[in-house]
Amino acid sequence: MQATAQVQTPVVGRHVYGELYGVDESLLKDEERLRRIVIEAAHIANMHLVEVNSWKFKGGDKEGVSVIALVLESHIAIHTWPVYNFATVDVYTCGEHSDPMAAFRYIVSQLNPKRFTVNYSDRSYK
C-alpha cells in the first residue's frame, strides 16, 4: 500500500485598512451610495459578494453609516462619522486571486478624502 502525501494549502490573508479625513459630510450620510461603492469595490477586487448589510445611526457625534459586505474571501467594511468628515475602511481577504488594495483604492477614489492613511497587514498562515 502506497502512502499519499497530503498537500496543505496555506491560508493567504491580506488586510488593507485605513482612515479617511475631510470627506464630504453628505456623502458620509448617504447609505445607498456607500452600499453601491462597497459592492463595486468587491467586484473590482475580484471578490465574490455573499451579502451586504448597512445601518444608519442617528445622534450627534455618533451619527453615521456602517456598511459591511460579506464576501466569500472575507469582508469589506466602511464606518462613517459625518460630523467629523471621517471614515474608516477595512478590506480583508483570504483569497489568492482577490486584490484588497484595489478595493481600498476604489473606495478612496469615490469618497475623495482630503487626506488618508493606508495600512497593510499580511495575515497569512506560514
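Placed from the backbone N, Cα and C atoms, the Cβ positions cover glycine too.
Residues near Ser74 (active site, schiff-base intermediate with substrate) in space but far in sequence (CB under 8 A, at least 6 apart, same chain), listed by position: Gly13, Tyr92, Thr93, Cys94, Gly95. The active site, schiff-base intermediate with substrate annotation in Swiss-Prot covers Ser74.
Residues within less than 8 Å, Cβ to Cβ, of His79 (active site, proton acceptor) and separated from it by at least 6 positions along the same chain comprise Gly64, Val65, Ser66, Ala87, Thr88. The active site, proton acceptor annotation in Swiss-Prot covers His79 and rests on sequence analysis.
For Cys94, the entry in Swiss-Prot reads active site, proton donor, with the evidence type sequence analysis. DSSP assigns Cys94 (active site, proton donor) to coil in the three-state reduction, outside any helix or strand.
Marked as pyruvic acid (Ser) by Swiss-Prot: Ser74. Following the DSSP three-state reduction, the secondary structure of Ser74 (active site, schiff-base intermediate with substrate) is strand.
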Cys94 (active site, proton donor) has its Cβ surrounded, within 10 angstroms, by a count of other Cβ atoms equal to 18
